[in-house]
Number of protein chains: 4
Amino acid sequence: MRDAIIRDVELADEGDDRIEWARRHMPVLGLIKERFEREKPLEGVRIAACLHVTVETANLIRTLKAGGAEIALAGSNPLSTQDEVAAALARDGIWVYAFRGNEKEYYECLEAALEIKPDVVLDDGADTIARIHEHHPDLIGSVRGACEETTTGVIRLRALERSGKLGFPVIAVNDAETKMMFDNRYGTGQSTLHGIMNATNLLFAGRKVVVVGFGWCGRGVAMRAKGLGASVIVVEVNPRKALEAAMEGYQVMSMREAAKIGEIFITVTGDKSVIRGEHIQLMQDQAVLANSGHFNVEIAIEDLEALATSKKRIKDGVDEYLMPDGRRIYLLGEGRLINLAAAYGHPPDVMDMSFSNQALAVEYILKAEGLERKVHRVPLEIDERVAELKLKAMGIEIEELTEEQKEYLSSWELGT
Amino acid sequence: MRDAIIRDVELADEGDDRIEWARRHMPVLGLIKERFEREKPLEGVRIAACLHVTVETANLIRTLKAGGAEIALAGSNPLSTQDEVAAALARDGIWVYAFRGNEKEYYECLEAALEIKPDVVLDDGADTIARIHEHHPDLIGSVRGACEETTTGVIRLRALERSGKLGFPVIAVNDAETKMMFDNRYGTGQSTLHGIMNATNLLFAGRKVVVVGFGWCGRGVAMRAKGLGASVIVVEVNPRKALEAAMEGYQVMSMREAAKIGEIFITVTGDKSVIRGEHIQLMQDQAVLANSGHFNVEIAIEDLEALATSKKRIKDGVDEYLMPDGRRIYLLGEGRLINLAAAYGHPPDVMDMSFSNQALAVEYILKAEGLERKVHRVPLEIDERVAELKLKAMGIEIEELTEEQKEYLSSWELGT
Amino acid sequence: MRDAIIRDVELADEGDDRIEWARRHMPVLGLIKERFEREKPLEGVRIAACLHVTVETANLIRTLKAGGAEIALAGSNPLSTQDEVAAALARDGIWVYAFRGNEKEYYECLEAALEIKPDVVLDDGADTIARIHEHHPDLIGSVRGACEETTTGVIRLRALERSGKLGFPVIAVNDAETKMMFDNRYGTGQSTLHGIMNATNLLFAGRKVVVVGFGWCGRGVAMRAKGLGASVIVVEVNPRKALEAAMEGYQVMSMREAAKIGEIFITVTGDKSVIRGEHIQLMQDQAVLANSGHFNVEIAIEDLEALATSKKRIKDGVDEYLMPDGRRIYLLGEGRLINLAAAYGHPPDVMDMSFSNQALAVEYILKAEGLERKVHRVPLEIDERVAELKLKAMGIEIEELTEEQKEYLSSWELGT
Amino acid sequence: MRDAIIRDVELADEGDDRIEWARRHMPVLGLIKERFEREKPLEGVRIAACLHVTVETANLIRTLKAGGAEIALAGSNPLSTQDEVAAALARDGIWVYAFRGNEKEYYECLEAALEIKPDVVLDDGADTIARIHEHHPDLIGSVRGACEETTTGVIRLRALERSGKLGFPVIAVNDAETKMMFDNRYGTGQSTLHGIMNATNLLFAGRKVVVVGFGWCGRGVAMRAKGLGASVIVVEVNPRKALEAAMEGYQVMSMREAAKIGEIFITVTGDKSVIRGEHIQLMQDQAVLANSGHFNVEIAIEDLEALATSKKRIKDGVDEYLMPDGRRIYLLGEGRLINLAAAYGHPPDVMDMSFSNQALAVEYILKAEGLERKVHRVPLEIDERVAELKLKAMGIEIEELTEEQKEYLSSWELGT
């Protein structure tokens, strides 16, 4: 099937058109691509990338290729690959190992991508890096560094770092301010609700929406659900975040209490089984469950399967689980990232920032000498640079400090 | 005048009533006070505090006193002292050196407070700490540590640290999450607009409000101005913050552009002369200027004075500056913190968190051994504890991690 | 006392300054005043006005005077009179019968104002019109018409009209779009919260605020409470309005349920006893009760008095009622309009519109021939004119229909 | 093609599943259907309906059929028909004359539906009623009444009424509060943005979105664009509405000014050519144009065609017009209702209310005697009933007036 997809010329043409549309809304990445074309900073570098195969990713891949890299690309989720994009990239000469619905072949694709023997790894969820450490210790030595795109992945990699086994430096691209506070918040916020609208067409106005997790993604989802008129309930384990949610005017409660009154549940925790059997049993008839965290483990689907007397796909992306007491619980997108399963993932405008950080982080890995085998933050210069270029592209002029102000800010003597 | 105030029994009674009202909305500080009364962790400790003398501060002072401390209190701003509070605290046996309008006697009051020869300094704006370093090097040796309450003060103290001259450890209470993200945002946000309403009674709906500075205070002010229906414009020097402001839907522009269209200007930068002559000359007739940053330097009042042909106090807290071309520019509260000059400062509910951090930070300074002469963050345990107690006081139950979830979050092997 | 007030020169000067400040933010009324000065459309007309004696009202009164009218002014609420304004108007030659706190002398003042034998009555709450019908049937014949400013008053007057006893035409100024949708919504919204901040200094962020009544005033109060970060609960009797509140994302419930969880209660119904004994008994300790409806009947104060074991004024505008079980319930501003009892009433910018409707409605009454003895809407031309002038004063240019568009909108033939 | 569609069994099965999903979110219509099944109030009545053929419409049609009606259904827009729904209804025995993309056959379908010789007409945009009056005067006599669903249609029908030619009574279902204030506002608001997301996947956060028209639909679109983080600009011709938009915090300006700075333009006016050549020439590169008004006349597509040097469909629902100066202007969904062209139309929850009004209005037409040949409002009892049933279905309990309160509200004597 994969081969059929990536050789489909019509599909590739369609992919090209859609990639081009996104390109026009990724001006910062465009500037980086122009420079990469001139300077070729990635000449001869082999990159294994495991990313959602979307139009935005395609523009990152083309940017890296413009810089001289050779790239193998696997999808980072079985439901997120856009086949027309895969086809277009394959025609470009990228080694593409991804097609929509590759549940069974997921790890096979990852393995194929690793055959490139990467100098640099781009990861989204840390599956590739974990796989290298578990199954390909021989590859570790030649990897000069990796980039990780998600909160979930960074959590895993910090655990790997603590275990003392991390074999090469990793840049936590996710933690760049121009990534985390934008992509995770505004991107996940809009695209998650977009996915749920596509799957259900339900009205948010007046609906009780439960957002599980109040990190940057959760803040974004809650903010947008409120912006669409929902009555939002937040479930969180961290007291400082829970308090912030309360002060923002959301109702804050435990999962058990929220389970009883919610109508739509959205998980964005990076954790597993945050909605499980004990909660499902308390839910109202017609409750809708969606996940926007990286892995399909946040909703305990196995509990849903165990509790239900029958299961029916009532429309694309919507599975109905019938409970013994007659209640129907709906699972969207098989519990996978709903913004990719039922919509197009993050908008290009915001991925422009995330992927500019990625491209510059790859360049940084190659230029930096002696980076420690740790999880590193994106250098502040890169973060600032991305922000400056983005503002410029948006036509926004910001204020500048005068010399007198700079001096004031660096002195301690002046007061009242 | 000061003596008259602090011996006025009727004033002290009124102060007590108002302090009591605030106390009931500061439950976390109340719990700490109860423990301090039992444990007396501050027995014999001399504290010099330079804080806004409000009902909330009074509850902090009483908490520290309950812990056994002897306290001298000066006001941290000439216009922020509530005389009835000063009177009540003086009757309690606190050494109070503050009265409303002590512009000339400001440093005199500070000096008086330092006569206590403090073990611990509580500062708000870093004036006291700066004064000790500049004028009382003899006191440095006996100070075991200090706490700083504001963003402005922390900026100054980091400059002092960089200069290599910081003589004792300082806890940046301001930077605690349960302080900065709540007091600075929700407290400053609401109280700043409250102050402007009191001074002007102008309608925010439909008004062009320019917020200068988009740190936590600026975010709060912008959010609340928007919440009251204003059309908000943000001016900022930091590209990442400017970008965030734009993504929040605010108009973002340079001070020169904003000067031309704004109707109400609010400065919250921690910097000086952010609104100055060149901007004032571009402003519309009837523009209103207010400051909510710590010092009265953010609006260049000297420029306003120089440009104006006359000045008139048209009502309490509102000075009209007449320009040669007939435009009238209004300065609120003499450019001092408008939330304290024209309202009551931050609400007690949010000061509950800030001052609980303060009280626990004082205890921490006394218990910690060998704290370096640096600017320290509030220990995470204190931050978390404050959040937990606040949630409990609000009757909010949060979610808890299961054992399985904890394990998942600390492992790196599990993925797709 | 009254005489002392209105002859106090210093007070009158202060009043003049404050009236002048408001005048500058009432540009539409200013334009009408200019025309009235030239045209004198109210020459020789006697007006009895019963209005809140605020700086905005002063500008209306001066506009009417500029048009040639002779005016007697009584306050429409015992706690809403600003004495300095009363003094300033008295010095102008207005017959002023109002001073702050005239609980006992309220009707006496009204009676005094009626001695002018009015041609036109301006009313706010319909007390004056009701009084004429009940006690001064002799005056009815000479009244050419009246204007009513409030929702509450219009409800009463429609009841009077239905009873067949209405003796002269009344213009329901309240129902003008440029009054009701602005003054009631944005004016009441902001000023009510302003009053509560002044009385309590409590933080709205994260607080459970119960808004009782979801008419235009209630919509405004709920919107602003949400804008300040509160978690808003709406109580309403009308199903269409209740549904709208739910769709706006508010929690909607009965008063009994809301009573159990609310922290601040705000009544804006135009009805009586919407919060009464049965609800007070369910409330939490420290619940705060405020009213922003016209009369002090919305909260059943008599029930509060009956239930409480003691009552104490803990600060200006805040009475504490101690319940037998130890709970303390706080009543703000004696249950009177909190925006006038603890703040300055509606901002001048929005009263500009309401009072421009008033001034033009007075002119309309005098010009119109044979107006029926009914409650009339403000003529659409006046409503539109006020909107146009306001937009112009705000510097806002709106779009205009082309000839082709006008034709399209008036045809029925053109479709798909 | 049509025949192929409506005989496609697989398509009909898919349609049934999707109609069933919507049915579960239309509880009020469900209750009406149950009663209709028992009472058969529409027995033998022939209905010609011209509506968007969506899952929600299918539930209305099935409700009418349950009441005993015989129904012919045409689509009210060439791009809004969902073929699987058409197939499912055809299998039910409805005379369906609609398929997606029937630009050329649009009037042909309408004609076919009229062959049923209707007793009652359900219209959406007034094309059917206009057609009857223009081309089938013979049918007028037997039509007992009609219902109109849209603002656009009601504008046309009032013009027809004013012309004196309206041949039968029409119920303006659009103007029911439970229709207009919900469907037009919350339904259009959400679904319009949903359509634009589907067509473009652009980020709304920080984008300049121009909403042309500030009726209920425009209010909804503006509110939701703001809720998604956009910086919203409103263009309006009516001064009262323009003023409301300004007070809501939107920027308000003329179309010419908005044209220069907007990034996404959304028309919702019910008028023609609100965006035309003179505006297109001022727009920035990459401006996006979308319409959510009933007809595809709001954007002057002919001007776009005339100005462009070339046109290219870059993806489904997005046409790129290249201007001589290199700017590219994007038109979404061929200028047709974007919420139906690129999404699924209004959510079922809100159509539940609109179509419950429709079903009850049909019953009312049949029961009412001697309805005048005018445009009538939906009787208040129907409006209230729909609201009550909806609240009940949402599990919301509202407050009830006490006897004492009812009396108070109907008296005029009681005041201060």
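Backbone N, Cα and C atoms are what each Cβ position is placed from, and that goes for glycine too.
TrEMBL: automatically predicted annotations, no manual curation.
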The substrate site in TrEMBL includes A:Thr54, A:Asp124, A:Lys179, A:Asp183. Which of A:Glu20, A:Glu84, A:Glu148, A:Glu149 is also listed there?
A:Glu149
Rounded Cα distance, in Å, between A:Lys179 (substrate binding site) and A:Thr150 (NAD(+) binding site) is 10
Smallest Cα-Cα separation from A:Glu236 (NAD(+) binding site) among the binding-site residues A:Asp124, A:Glu149, A:Asp183 is shown by A:Asp183
Binding-site residues near chain B, Cβ-Cβ under 8 Å, from A:Thr54, A:Asn184, A:Glu236:
A:Glu236
List of residues, in chain order, with Cβ under 8 A from that of A:Thr150 (NAD(+) binding site) and at least 6 apart:
A:Asp124, A:Gly125, A:Ala126, A:Asn174, A:Gly270, A:His294
Determine, using Cα-Cα distances only, which of these binding-site residues is closest to A:Gly218 (NAD(+) binding site): A:Thr54, A:Glu149, A:Asp183.
A:Asp183
Where A:Gly215 (NAD(+) binding site) falls in three-state DSSP terms
coil
When you measure from the Cβ of A:Thr54 (substrate binding site), which residues in the chain that are at least 6 apart have a Cβ under 8 Å away?
A:Ser80, A:Gln82, A:Val85, A:Leu340, A:Tyr344, A:Gly345, A:Met351
Measuring Cα to Cα, how many Å separate A:Asn184 (NAD(+) binding site) from A:Glu149 (substrate binding site)?
10
Site diameter for substrate, Å, by largest Cα distance between A:Thr54, A:Asp124, A:Glu149, A:Lys179, A:Asp183
17
In sequence order, which same-chain residues at least six apart have a C-beta under 8 angstroms from A:Asp183 (substrate binding site)?
A:His346, A:Val350, A:Met351, A:Met353, A:Ser354
Binding-site residues compared (A:Gly215, A:Gly218) - the one with the fewest other Cβ atoms within 10 Å:
A:Gly215
Three-state secondary structure, A:Lys179 (substrate binding site) (per DSSP):
helix
With Cβ-Cβ distance below 8 Å and at least 6 positions apart along the chain, what are the contacts of A:Glu149 (substrate binding site)? List them in sequence order.
A:Leu51, A:Leu122, A:Asp123, A:Asp124, A:Gly125, A:Val173, A:Asn174, A:Lys179, A:Ser354, A:Gln358
Looking only at DSSP and grouping its letters into three states, which state does A:Glu149 (substrate binding site) belong to?
coil
